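Pulled from Swiss-Prot, these are the features on record:
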type    : residues                       : note
DOMAIN  : 41-106                         : domain 'Cupin type-2 1'
BINDING : HIS50, HIS52, GLN56, HIS91     : divalent metal cation 1 binding site
DOMAIN  : 151-216                        : domain 'Cupin type-2 2'
BINDING : HIS162, HIS164, GLN168, HIS202 : divalent metal cation 2 binding site
BINDING : TYR223                         : substrate binding site
Amino acid sequence: MKTKEDMQELYFPTPKLIEWENGVRQYSTVRGDTEVLMSYVPPHTNVEPHQHKEVQIGMVVSGELMMTVGDVTRKMTALESAYIAPPHVPHGARNDTDQEVIAIDIKRLKADETYTSPEDYFLDIFKTRDLLPGMEVTFFVEDWVEIMLAKIPGNGGEMPFHKHRNEQIGICIGGGYDMTVEGCTVEMKFGTAYFCEPREDHGAINRSEKESKSINIFFPPRYNRAKAKKMKADE
């Protein structure tokens, strides 16, 4: 029988610190086929091009980064775009600024998934709307994945408990809120990640006075399925 600690480690894995010779620090959390990396890139630091069998998607949370995927280089500013590096496609980054950059990268390899990307490997904002009254969300969409930036209002703003057929991962990137997965509740703070498999019950509430922010990833897309289906049909 699983203990409360076992359940918490399943849904909210303890981050493991990875330190690289160039000074980059990464906090890694893993469930199943997916790894979330919260990366801290020092000023004037290069991350040399590399490749691997997993697909990798990423977004800048703070600062700006020159990101290269394949032969395409683009300046990424905080929460304005995302990249997709398909399996075995080289990718690297460069922080040309005087400030530390914080970025989130997600690596995944699942046997039944096909990892497409735009021709230039970068996703721009698809749309911004209110998901619930007072809860603004912004979407980035590819046919197999959907990224949703969410703002949860303070003083009791909540995402009611629900479940769905999609796998869902979330990372707190501002403020804090209580996140519950299958009855296991954790106080989310900057960098905390949760993993929710299909049909696992989950919900969130922000009990603080300040708005909280999170990045949520759905496999496959949940809220923009029509766009994802059209993208697949156009391939």
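Cβ atoms here come from the backbone N, Cα and C positions, even for glycine.
If you take every residue in the domain 'Cupin type-2 2' (151-216) and average the pLDDT, you get 96. DSSP assignment over the domain 'Cupin type-2 1' (41-106) gives 0 helix, 43 strand, 23 coil. The closest partner of TYR223 (substrate binding site) among the binding-site residues, by CA position, is HIS164; the full candidate set was HIS52, GLN56, HIS91, HIS164, HIS202.
Taking HIS50, HIS52, GLN56, HIS91 as the binding-site residues under consideration, the smallest Cα distance to HIS162 (divalent metal cation 2 binding site) is found for GLN56. Of all the binding-site residues given, namely HIS52, HIS91, HIS162, the one with the smallest number of surrounding CB atoms inside 10 A is HIS162. Across the range of the domain 'Cupin type-2 2' (151-216), the DSSP-based residue counts are 0 helix, 40 strand, 26 coil.
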